[in-house]
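For reference, the structure discussed in these notes is given below.
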């Protein structure tokens with residue numbers, strides 16, 4: 001049993017040992033499997049990571065490949081553009097050369113054909129249409145102000161004209177002596193006689209006549225609230241009393257206090273004058289309340305608040321306009337007046353100016369026609385200064401160009417280009433605005449500039465002594481054609497884009513200017529070039545003998561000066577200094593341009609020495625405006641049904657902080673007659689008739705458009721066209737004005753009223769003009785710079801030169817705007833046109849230097865120095881001649897010529913600075929490195945030199961720097977130059 005038990009236990013132990021070993025083996029196997037699995041997982045992870053890295057690398061390779069492809073496409077595109085540009089330039093140069101040969105080879109034929117073309121174009125002058133109305137010049141024709149003007153002129157034409165006289169004394173006008181003298185002068189003016197169709201007339205025959213309410217009338221509300229037969233009888237009685245009232249001429253002055261009675265006035269004392277002016281509160285002439293002290297300016301008060309002294313008093317005369325007779329347009333006020341009124345205004349103005357010569361006191365008149373006459377006189381009065389400037393320019397050109405006959409032909413060509421411009425534009429029915437009168441200023445500057453460049457190129461082309469003038473003319477135009485065509489077409493395209501302007505005056509001017517610039521280019525390259533050929537063919541031998549030696553040396557002096565000056569270009573110190581100064585000027589330019597205000601006043605169009613300008617100055621000093629008068633027009637409005645909407649509109653206007661008063665005749669009618677708010681249409685028509693004949697309602701007579709005569713007691717039929725007045729407080733800034741105009745227009749436009757309703761205020765014209773002038777100026781400046789950029793890229797390509805040229809033009813315009821602020825100018829219609837023209841002139845100055853640099857071989861410094869040396873003299877002469885022509889305008893008194901004197905003097909000096917100093921130094925420091933010859937065939941560089949050596953001494957320890965321009969083959973087949981990449 002024990003043995004069996006031991007066997008059994010031994011067997012069990014072996015079995016358990018085997019099981020343990022098997023478990024261990026299984027565990028080891030499991031661990032091995034797990035390790036194997038882990039190793040495979042790690043391996044897979046590594047493979048996945050490697051695959052991800054490969055994908056990233058492939059993705060980067062694809063992106064790099066794409067970027068490289070895009071770069072290649074861009075490079076190819078730029079290269080293609082350059083190649084295309086070179087082919088275009090080469091073709092243009094060949095055409096220019098052909099044209100130059102044809103003109104100089106057959107000068108008489110060229111002159112004859114050109115004059116015939118000019119004559120044919122000038123026939124369009126027969127269709128010339130002058131437009132001087134402000135509303136047709138300086139406002140978009142779809143603007144609210146123009147639409148309101150048209151509606152007002154049709155439904156509410158002007159019924160009368162006001163004439164304001166200012167009587168001024170150096171001491172005191174409130175004296176008996178002064179009052180008597182004013183009364184005597186008044187009698188002289190009222191007795192001025194003029195003739196109309198053989199009939200002698202005076203003020204009392206054409207004055208606006210109104211009723212005098214000296215006789216008291218019963219309260220109108222008493223009659224209106226009665227009913228039955230008795231009411232009709234009382235109303236008829238009331239109208240009889242009204243019709244019996246006398247009518248008097250509407251004349252307002254402090255003389256009313258004595259009823260204009262000569263016996264009373266001639267017996268006045270100083271004490272009586274002061275007493276009557278301060279205590280009388282009712283007009284003895286009109287029977288209406290009045291404050292006589294309001295007629296005086298520069299007042300001094302005593303301790304009791306009474307006016308005891310004054311410097312100025314105003315006197316108003318009002319004449320009526322007859323509509324059933326022939327009329328004449330008053331262009332300054334944009335209204336039509338009858339010839340009788342016009343005749344009286346001319347006669348009384350002459351008499352007033354004669355009285356004003358009295359030394360005891362001064363009369364300063366503003367007759368309604370004064371603005372029309374004086375604005376034109378101020379411009380034409382300063383024309384002699386403009387002519388003097390032109391004479392100075394012509395004399396300067398005659399001396400510096402050294403070819404009198406050819407120079408005169410070139411100047412005449414500018415006049416002919418004006419005829420072509422006016423003729424072609426008139427033939428195309430483009431009106432001629434007042435601004436186009438200054439077109440000769442632009443064309444003269446561009447034409448003279450072209451003349452200097454052509455003469456300089458002629459001298460270079462004839463250096464080899466060739467007597468074949470046709471060949472010389474061809475080479476001349478080939479060398480200068482690209483340059484003058486670039487400047488001319490840049491200006492022309494910029495002005496053509498300006499045709500899209502919403503302001504008709506700017507749009508029309510741009511059209512005339514574009515045609516004039518192109519015609520100037522054509523005439524200078526034909527008439528002037530032909531005259532140059534004839535000069536060297538027939539006149540030059542004699543001229544070289546007759547011409548004084550100092551005139552022969554004048555050109556050489558300028559060339560030597562430019563040659564010595566060019567030697568310092570490119571030096572490190574000079575380049576750094578010019579760059580710093582340029583950046584400083586740009587900073588100051590940004591500051592000044594940001595300070596430039598938008599402001600326009602009609603008095604600026606007057607001569608500062610004129611009586612009318614003095615009238616405005618006195619009014620601003622002694623009678624400063626307290627606000628602006630506004631009018632809301634209504635058309636086709638049923639006043640009884642729309643009365644709630646009208647009341648709501650009045651409430652909304654009052655809600656604006658800038659509105660100080662709203663004067664609505666229909667609300668005053670309800671108040672005076674104590675009418676019910678729901679009165680019927682017939683009741684309202686009858687009530688309106690009675691109200692307008694009452695003392696309270698007489699001032700509203702012109703607030704309604706009548707379909708028949710206005711008779712007391714007769715209902716006013718179909719009241720549908722009427723207006724209400726309101727007052728706007730004085731505003732001090734352009735932003736306040738623009739906001740006020742926008743808010744008022746919005747309230748009127750959104751009024752819950754059926755029918756036509758629009759608003760107008762006497763400040764809206766200036767505010768609307770200022771708003772559009774500002775936006776148009778920005779648009780035109782952007783247009784000029786954009787066109788310059790596109791044309792520069794087209795001629796030069798996309799490189800540093802193009803960037804510098806555009807930057808210089810933009811800098812000139814920016815700094816001109818800044819100096820305008822310094823010189824006291826603002827943004828107005830005249831300065832806007834001046835800046836547009838300045839853009840055209842500034843392109844001319846810098847483009848020639850850039851083109852000369854482009855066409856010269858060597859390193860940066862060499863090319864910059866050579867460009868200045870060869871193109872500097874004509875650019876210098878062009879700048880100085882323009883400056884001399886406009887600096888002569890300094891003594892002028894009109895705003896127009898003062899603007900052109902200041903703006904173009906600045907533009908000339910800035911053009912000189914940027915073309916001969918800034919641009920060359922920047923090109924020497926940052927321009928493309930050098931030119932390398934290519935296989936493309938083209939012309940020789942612009943203004944090639946023949947064995948010309950420019951030598952300048954360096955500082956101690958430095959070697960001399962010698963710049964030599966070797967003679968380049970001038971045959972038709974020569975070397976095209978291309979740029980290496982910019983550094």
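One is the number of the first residue shown, and numbering goes on along the chain from there.
Using the three backbone atoms N, Cα and C, a Cβ is placed for every residue, glycine included.
Looking at 349-370, 437-458, 547-568, 613-634, the range annotated in TrEMBL as transmembrane segment turns out to be 437-458. According to TrEMBL, the feature transmembrane segment maps to residues 478-497, out of the candidate ranges 478-497, 638-657, 658-677, 678-697. Secondary structure counts, DSSP: the domain 'SSD' (408-534) has 111 helix, 2 strand, 14 coil. By the count of Cβ pairs under 8 Å, the stretch nearest in packing to the transmembrane segment (383-402) among 108-128, 574-598, 875-891 is 875-891. If you look at the transmembrane segment (108-128), the same-chain residues 6 or more away from its ends with a CB under 8 A from one of its CBs are 102, 416, 419-420, 422-429, 432, 519, 522-523, 526-527, 530-531.
Mean pLDDT for the domain 'SSD' (408-534) in this predicted model: 85.
Same-chain residues lying 6 or more positions outside the transmembrane segment (875-891) and placing a CB less than 8 Å from one of its CB atoms are 382, 385-386, 388-390, 392-393, 396-397, 400, 444-445, 448-449, 452, 558, 562, 841, 844-845, 848-849, 897-898, 900-901, 904-905, 907-909, 911-912, 915-916. Beyond its flanks by at least six residues, the transmembrane segment (903-926) meets 441, 445, 565-566, 569-570, 574-575, 578-579, 582, 800-801, 804-805, 808, 811-812, 815-816, 819-820, 823, 825, 831, 834-835, 837-838, 841-842, 844-846, 848-850, 853, 860-861, 863-865, 867-868, 872, 875-876, 879-880, 882-883, 885-887 of its own chain at Cβ-Cβ distances under 8 Å.
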